[in-house]
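Asks: Encoded as structure tokens, here's the structure I'll be asking about.
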């Protein structure tokens, strides 16, 4: 018996092609795509506006399968983290961050990461494999279901019948975080007046485990689904890819699927960045800054976001801040300063709060929009740099850095 094809692996063009190979018209592919992504449906039998003969054929040849959540942890600030089984003893993590006017989902692109950035928990596990498109978009698909964010077929503009899978009783109460005065500026849209139209998940950031641009094809397939009106219909401005700086892939992303861009910078000069972000040895800062300028020619935003983790007595001096001002002088940008989030045996400490404030002030005085990320979810190891999952390392070793989490 043939292994069923997972339809979550296809963007709309891929699904249209797959349907055409079976003698089906393009509109049938779009119908099924709406059921999968808008409504979170997995049972072809429930797709009531799809011909019964096609439903039967799909039940034989296809499936809709997202990663399975094997752990679910909720922080005191409302942040929610899932450990997701992706097979072969590998697990990745996704994080939902609720805020007053938006909900941001941080998703992973690889099981582990080969780039081995010095301050990142994921990199210390080594690398196993790229996630499939289904495993990437499946994180958004699953989070929508678990958070009650899937639309109701009965209430859709297409008039599709069927059960209401959008159980609003499961929607996470964003007010829990608000009551504590929690903020997370660097996850925010730069358009605070924008409304997210009642979506539970209004923004997606590719800032989880792995280097997204090292898994280019599968990530772009997932991005296209996020943007597609037949699937999630997110604005390009509300989808962000974060990269450590793989320059050729940045150029490809600009040409094929330009979304908001964040760059993990973390140092103002090549000597220091070579130590902290080893990919810099291949694509040094001069090439990276030029790639950022090229990206802005087609980007949905008129700036690049530079992420900068604040490491005590490593990259946080006034001189480092002034060097950054010079480095980015010709690149329209904003900075997110990220207080380092500790993990076992990292060898780094977080910069003191006063030093972070002074560092930010130098950037702001130079006219650079600068925010300091409010740490979210660190009590469940969901904060930036703490995502670890479980990875069977094919490059060096097998290390598990997951701490036990309370199940919901």
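Along the chain as shown, the residues are counted starting at 1.
Each Cβ is built from the backbone N, Cα and C atoms, and glycine gets one as well.
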Asks: Which one of these stretches, 152-196, 197-241, 242-286, shows up in Swiss-Prot as region 'Disordered'?
Replies: 152-196
Asks: Would you mind pulling the DSSP three-state label for residue 117 ([4Fe-4S] cluster binding site)?
Replies: coil
Asks: Filter the recorded positions 106, 211, 242, 265, 266, 341 down to those whose C-alpha lies within 10 angstroms of the C-alpha of residue 120 ([4Fe-4S] cluster binding site); answer none if the list is empty.
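Replies: Within 10 Å of residue 120 ([4Fe-4S] cluster binding site): 341.
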Asks: Rounded to the nearest angstrom, how far is the Cα of residue 210 (S-adenosyl-L-methionine binding site) from the Cα of residue 113 ([4Fe-4S] cluster binding site)?
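Replies: Rounded to a whole number, the Cα-Cα distance is 5 Å.
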Asks: Going by DSSP, give the three-state secondary structure for residue 242 (S-adenosyl-L-methionine binding site).
Replies: strand
